[in-house]
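J.: If you look up Swiss-Prot, you'll see 13-33, 65-85, 105-125, 131-151, 157-177, 186-206, 246-266, 285-305, 344-364, 368-388 marked as transmembrane segment.
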Amino acid sequence: MKKISQSIITKRVLWTLFFLFIYCLGNQLVLPFVDLKNANIFGGAIGSLAFSSAMMGGNLRSMSLFSVGLSPWMSAMILWQMFSFSKKMGLKNLPIEIQDRRRMYLALGIAIVQSLAVSLNLPIVSGVNASLAIFMNTILLIAGTFFLVWLSDLNSLFGIGGSIVILMASMMANLPYQIMDSIEKLGIGWNVLLPLILFSLVFLYVSGVVQRARYRISINKINIHNRFKQYSYLDIMLNPAGGMPFMYAMSLVSIPQYVFMLIQFIHPENKWTSGAIKALTVGQPLWLVVYLVMLFVLGLAFAFVNVSGEQISERMRKSGEYIYGVYPGQETSAYINHLVLRLGFIGALYMLFMAGAPMLIILVNPDYLQLSMIPGTFLIFSGMIYNVNEEMKALKLNTSYTPLFENV
């Protein structure tokens, strides 16, 4: 049994490595007709979006097939979740196939806007029809996004981690560059660097502790002996939203900038679009306010997405379980949702303190932008590693049992 389990894990790890190889290969496929020698290729709006793109599996610095990354798909997922809370729209009552199709349509719409905005702001080599180059690059960027979605689905089926692995690879490829670039720009010496390293280690420890912290609710289960009562419980994370709000907030906040970039190209005479793009550029005060508000809202929203009182209550009702002192059904659902609201509020404040507070330094010096985002990146990274580790534990579960007739 142990050999079989190890074989399954090995196969899944090899598949994941293969998918990562394809992802790295795609990052080397440069978009056609782009003037890479242009000094302003990473400047302006494109340069400001490079960091947020890297958080979502993209790489605007490479100007490759995967430059937009999974941002449209991730934005579509969170928007669909928000629409699903509306009972009037009745999205939850639709068949799964229709829901998936409409989510993809939403992702396609966002991908068109983002890809077109990027293509319109790329420097084109001389002697090439600009309209043709923009059209081809837009189509390639959209195709790259949906190829990454397909690759993530394949990794979920055959590998380990799903889309998380793609995002981790993108972050690991860009984080060292961002750190070194900031250190060189700011001229940071070891007298500042050593305290930063120590702070990072403490931050990782705290984030690991919070990631594992649970609130346990005692549950009465049918046909369970009283001596196992202490093991019968429902646990909810202290931070039910996890580290995902940081990444999704980055994705949602970047959408208006893409839209304004598109409007500016269509109507260049409108001066207000330039002001809007500048105000929503990563690191600007307005961007910071919008980002922190979005971070808090998503911290609460993801808590209810990850822990649904209605679903847990329905599952407990069908299995005959109940919470001590709480009636099954609607009362159980309300009890869990109230608890999730409290924990979600604590988690949202934790996100603001750990990932948002360090970014306030950019109001003093915008050059600290990349360094100020490192705590939030670590927060995402620790959550991703935890999820992958839990998946590995589930795959290894069979090794904890021995065959019934092994010694016969």
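Heads up, the Cβ atoms here are built off N, Cα and C, so glycines get one too.
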J.: May I ask for the residues of the chain that lie six or more residues beyond the transmembrane segment (246-266) and have a Cβ under 8 Å from a Cβ within it?
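T.: For the transmembrane segment (246-266), the far contacts come to 45, 48-49, 52-53, 55-56, 71, 74-75, 78-79, 110, 113-114, 116-118, 120-121, 167, 273-274, 276-277, 280-281, 287, 290-291, 294-295, 298, 302, 351, 355, 376-377, 379-380.
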J.: If I count Cβ-Cβ pairs under 8 A between the transmembrane segment (157-177) and each of 65-85, 131-151, 186-206, 344-364, 368-388, which range comes out on top?
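T.: The listed stretch sharing the most Cβ pairs with the transmembrane segment (157-177) is 368-388.
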J.: Which one of these stretches, 131-151, 186-206, 344-364, 368-388, has the most C-beta pairs shorter than 8 Å to the transmembrane segment (65-85)?
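T.: Highest pair count goes to 131-151.
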J.: I need to check the long-range neighbours of the transmembrane segment (186-206): which residues 6 or more away from its ends have a CB within less than 8 Å of a CB in the stretch?
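T.: That would be 354, 367-368, 371, 374-375, 378, 382.
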